[in-house]
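Below is one structure; the comments refer to it alone.
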Amino acid sequence: MEQKSKEEEKKVGVIETWLRKHTLLFKGATRHPLILSIRDGSIDIASFKSWLAQDYLFVRAFVPFVASVLIKAWKESDESGDMEVILGGVASLEDEISWFKREASKWGISLSEVVPQQANKKYCGLLESLMSPDVEYTVAITAFWVIEVVYQESFAHCIGEGSKTPQELKETCERWGSEAFAKYCQSLQNIANRRLQKASDEELKKAEHTFLNILEYEVDFWNMSRGNV
């Protein structure tokens, strides 16, 4: 029975199988009350500002993680195109950090005074653990995809049909909810799926565990921004 489910998993795609299997947790991360409050226009701006400040710190920790994925791709990838996709992600992070600084200035947030909250510290600690040379490229690229796709799915929902997202938050939502970002996330998913199809049972277990871990940390991060910690 287990062998049959593994064959099915590899036929339809490992990630697609996980998304079906863990629908509730994925929805919890991508349809969080904070996101729903942006979409329906009821967002408490204090929560948005808290998210912005904490996410700036997270993105700074995300940079070395993405660089470590690039190094793993260079060493372990069976496809030369992987490096170009990941390099595009690295390059976009400089612009992202500049964007956070501009947004913080607009909202009167002093980024130098922001202290990471517990949920942020834990998430950044997870990123650091994934940078270890012992973590396989397959696991690392899966983690990279999950982190990006949660934002893509969340913020795309905020600009979807029928949304009442406040005008001053539309730029934020379009940043991650855009078609271009969706295509980039699909490129990462394609790489992760290709690697997972060839992965050992042990690697598959580690990758799925990391997938679930990240979704839980994403929920905690949204909760933190609303002050629900």
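Even glycines carry a Cβ here, placed using N, Cα and C.
Features as listed in TrEMBL:
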- 21-226: domain 'Thiaminase-2/PQQC' (DOMAIN)
- ASP55, GLU96, GLU148: substrate binding site (BINDING)
- GLU218: active site, proton donor (ACT_SITE)
Greatest inter-residue Cα distance in Å for the substrate-binding set ASP55, GLU96, GLU148: 13
GLU148 (substrate binding site): tally of other CB atoms within 10 A of its CB: 20
Largest tally of Cβ atoms lying within 10 Å of a Cβ, found at which of the recorded positions ASP55, GLU96, GLU218: GLU218
Between GLU148 (substrate binding site) and GLU218 (active site, proton donor), the C-alpha gap once rounded to whole angstrom: 11
Inter-residue Cα distance where the pair is GLU218 (active site, proton donor) and GLU96 (substrate binding site), in Å: 19
Average pLDDT across the domain 'Thiaminase-2/PQQC' (21-226), rounded to a whole number: 97
Additional residues surrounding substrate, by Cβ distance to the ASP55, GLU96, GLU148 centre under 8 Å: PHE58, VAL59, PHE62, LEU93, ILE147, TYR151, TRP176
Rounded Cα-Cα span from ASP55 (substrate binding site) to GLU218 (active site, proton donor), Å: 11
